[in-house]
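Undergrad: Can you read through this structure? Questions will come right after.
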Amino acid sequence: MAKAAIIGLGRSGIAAARCLKRDGWQVTLSDRSDSPSLQATKTNLEREGIIVNLGQNLSLEASDLPNLIVVSPGVPWDAPILITAREKGIDTIGELELAWRYLQSSPWLGITGTNGKTTTTALCAAIFQKAGLNAPSCGNIGYAACELALKADKYDWIIAEISSYQIESSRDLSPKIGIWTTFTPDHLSRHQTLENYYQIKASLLQRSDRQILNGDDPYLRQIGVSQWQQAYWTSVQGKAALLGDPSRGVYLQDNWIVAFGELIAPVNLLKMVGSHNQQNLLMAVAAARLAGIEKKAITEAIATFPGVAHRLEYVCTYKGLDFINDSKATNYDAAAVGLQSVPSPAILIAGGEAKAGDDRAWIAEIKAKVATVLLIGDAAADFARRLQSAGYQDYECVETMDRAVQRAAELGPAKEAKVVLLSPACASFDQYPSFEHRGTHFRQLSLQL
C-alpha cells in the first residue's frame with residue numbers, strides 16, 4: 001500500500017488526508033502542535049483509519065519512507081525536512097497541487113497578488129455563480145481545495161485564491177485563466193528577496209493559458225508588456241492608460257466598465273468603496289468575459305455583491321462614528337489603501353505583528369487623514385517611534401483591541417472624527433490566530449458599544 005504523510009492538521013491537511021485515504025493510501029497526519037481541540041480531531045480521524053501524530057514533526061530517519069508528502073500552506077517550502085524529502089526523491093507537494101491532480105479536468109481560474117486577491121476571488125465567484133455555473137471558490141477563501149475533490153462534483157469552473165506559499169508547492173497547477181492583482185513587498189521573511197517573491201507569483205501566470213494583469217499597479221505596470229506581451233490589462237484610469245492592445249483591455253470610461261470594446265455596466269453598481277476595489281472589479285469582469293459570461297449576469301452580480309468580511313467592512317455607526325473593519329490589511333500598502341478609501345478625519349487602530357516593508361506611503365496617509373492613531377500589539381512601541389520621527393504626535397499605545405475600541409468611541413466627538421478604522425498594517429499572530437479572528441473581535445466590540 002502506498003504511503004502518504006500530511007504535514008499540518010488544519011482544514012487543508014485534513015481534506016488532503018481524506019482524499020488520499022479514500023483512494024487507498026495509508027495516510028499519516030502530523031502536526032507539531034497539541035491541544036484538546038486537536039486531540040478531539042485526532043480521535044475522529046483515527047476512526048476513519050487515518051494515523052495522527054500530534055506534538056511532533058515528520059521524521060524521515062526510518063527506512064520506511066512515504067511515497068508522497070503533502071504540506072499545508074503554512075509550512076515553509078524551505079523547511080529542512082522538506083529539503084531532505086526532495087533530496088531523497090519523495091514526491092513533495094502542497095495541498096493545492098494535490099487538489100489539482102484530482103480536479104484538473106475542470107478549468108481553473110487562479111487569482112494571486114499581494115493585495116486584492118480575496119475580494120477579486122469573491123467577485124469572480126459571485127459573477128460566475130450568478131451566471132448559473134457550478135464555480136466554487138477555494139484556496140485562501142471558501143473551501144480548502146481538497147474539500148472540492150472530496151465532493152466529486154463536476155465543476156464548471158474552480159475559482160482559487162492562491163498565495164505565494166501555495167504557488168511554491170504547486171509546480172504543475174496550470175489555470176485556464178490567471179489573474180495578478182498587485183505586487184508589493186510582503187512575506188520577505190519567508191521569500192528573502194523581492195525577486196524571489198516576484199518569480200514565485202509570475203510562475204503561476206506563466207503556467208496559465210490566459211493572463212489578466214492590473215495595469216494600475218505600479219510594479220506590474222513597470223514590468224509591463226515586456227514580460228507579458230499576451231496579457232489582458234485593466235485600468236481604472238481609462239483607455240489611454242491601458243498597456244497593450246486596447247481591444248484586449250478592460251477599463252473605466254465615463255464611470256462605465258468597458259470590456260474588450262463593449263460597455264458592460266456602471267461602476268457605481270459596486271457598493272464597495274475605494275479605487276482599489278474598482279481595480280479588483282475590472283479584473284473579475286475580464287475573467288468573466290473571457291469565460292463567456294453574459295453582461296446581464298455580470299451586472300446582476302455586481303449590483304448584489306455584499307462585499308467581503310474584514311476588507312473595509314462596514315460594522316456599525318455609534319454616535320456619528322462609522323466603525324470599519326479592515327483587518328485584512330496586514331501590510332503597509334494595504335493599510336495605506338484602507339486610509340485612502342475612508343473620509344477624514346479618521347481614528348486609526350493599527351499594530352500587531354510587524355512585517356518588513358516600506359511604510360512611507362502609509363505614514364503619509366496617516367499624516368494627511370488621521371486625527372489619532374491607537375496602537376495595539378507587539379508593534380505598538382516601534383510604530384510610536386516611527387510616527388514620532390515622522391513628526392506625527394497624536395498617537396496612544398493602548399495595547400489591546402478592547403481598549404482601542406473603547407478609546408476610539410471616547411475620542412470620536414472631541415476629534416470630530418467621521419470613522420474608526422481598524423487597518424492594522426500588521427499580521428495578527430501576536431494576539432490572534434488569524435486576521436479573521438482579529439476582525440471578528442473588533443466587530444463584536446464595536447457592536448457592544
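Backbone N, Cα and C atoms are what each Cβ position is placed from, and that goes for glycine too.
Feature list, courtesy of Swiss-Prot:
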BINDING   GLY113, THR114, ASN115, GLY116, LYS117, THR118, THR119  ATP binding site
Undergrad: Identify, in sequence order, the residues in the chain of GLY113 (ATP binding site) that are 6 or more apart from it along the sequence and have a CB within less than 8 Å of its CB; answer 'none' if there are none.
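TA: In sequence order, the residues whose Cβ lies under 8 Å from that of GLY113 (ATP binding site) (at least 6 apart) are THR120, ILE179, TRP180, THR181, THR182, PHE183, LYS201, ASN214.
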Undergrad: I want to check the contact list for LYS117 (ATP binding site): same chain, sequence separation of six or more, C-beta distance under 8 angstroms. What comes out?
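TA: In sequence order, the residues whose Cβ lies under 8 Å from that of LYS117 (ATP binding site) (at least 6 apart) are ILE111, ASN140, GLU161, ILE162, SER163, THR181.
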Undergrad: What residue among the binding-site residues THR114, THR118, THR119 has the most other CB atoms lying within 10 A of its CB?
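TA: When each Cβ's neighbours within 10 Å are tallied, THR119 leads.
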Undergrad: Under DSSP, is GLY116 (ATP binding site) helix, strand or coil?
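TA: Coil, per DSSP.
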Undergrad: Might you list, by sequence position, any residue in that chain lying six or more from ASN115 (ATP binding site) with a Cβ less than 8 Å away from its Cβ?
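TA: Sequence-distant Cβ neighbours: THR181, THR182, THR184, HIS276, ASN331, ASP333, ALA334, VAL337.
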